[in-house]
Amino acid sequence: MWMGSILAGPVALVAAFLLLLPAASLAQLQVGFYNTSCPNAEALVRQAVTAAFANNSGVAPGLIRLHFHDCFVRGCDASVLLTVNPAGGKTEREAPPNFPSLRGFEVIDAAKAAVERSCPQTVSCADILAFAARDSINLTGNTFYQVPSGRRDGRVSNDSEALQFLPNPNSTAQVLTDGFGVKGLTAEEMVVLSGSHTIGRSHCDSFLFKNRERLANRTISPAYQALLEALCPPTTGPTTLITTEIDVSTPTALDNNYYKLLPLNLGLHFSDDQLIRNATLAPFANNFAANETLWKEKFVAAMLKMGNIEVKTGSQGEVRLNCSVVNPSSSAAGIEMLMFPGGASDAPPDDVATS
């Protein structure tokens, strides 16, 4: 069946994880949030993701990354989907960490259209994005899990915040650990979530030049770097659209081969290679290389925790009618952003859990 074999380990870990969440968080997000208001919401999202995946398997890593990039900036509020900043200026979607590499927007739009036809003004874009990421994990890794929902959509999106909070492929181990820590994620969870690089592709500009330094330091295979040099043009820059698989062995399967490649000096990015160069992080990477079941269990738990970052619930935010623009009545939010650059109305109150 489509949902695949539901692993006993991930299910038990999810249950344990939900029990450990603060009570306020459990009250905000819940499995089956739409059971009454839109009982077919998750099925409609699943259908849209499955149809897109059948046409192009690359949408799966794109949707997982889209959810991650959303949650790391202003929390999981679908701000990454906005094409217009109500206050003027560029959006997260236009920031260098996201453009031109971020993908999957059309799948979210298709899912939203289907859900709106069935249940108008009910299901948030933020929840659709979380469901789509889960479905992508199942399609590529044969691992299904329940996703708590009830998120609301934000009204603010700034490119500067994407630059501030999103990890860089050239980041050191310390920068990566600190960046995830700001979002309430541990060093181990950073290594766990990095394993999503086992699927997907990366643009030449994100690895080519830093890897030349790695070649001099003997932390990348010379043969591998030669292949990358042959692939990427000498004029490589931010607008170069040539890409390569991040995992050279099983690029379409969500498995633990990503970790197995690192000791062979076959990590594509400097940040990938950092996982085995740091004394704190290396044991985690080695454990996941040796035990795929362990990694998948922890990956599911980390995805759930990430999906709970700075969520908006209740009367916060809105349920967008169109995922790429705020609702017409929300245009005043742009004025507020000018008055409160931190986005006061979108900031969760003190009792909202951020991890």
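The backbone N, Cα and C atoms fix where each Cβ goes, and this holds for glycine too.
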Quiz item: In TrEMBL, C323 is disulphide-linked to which residue out of C76, C119, C125?
Solution: C125
Quiz item: For R65 (site 'Transition state stabilizer'), what is the tally of other C-beta atoms lying within 10 angstroms of its C-beta?
Solution: 22
Exercise. Quick one: give me the count of other CB atoms within 10 A of the CB of H69 (active site, proton acceptor).
Key: 23
Exercise. Take the Cβ of P167 (substrate binding site) and count every other Cβ within 10 Å, whichever protein chain it belongs to.
Key: 19
Quiz prompt | Cα separation, P167 (substrate binding site) to R65 (site 'Transition state stabilizer') (Å, whole number) | solution = 12
Quiz item: In Å, rounded, how far does the Cα of P167 (substrate binding site) sit from the Cα of H69 (active site, proton acceptor)?
Solution: 9
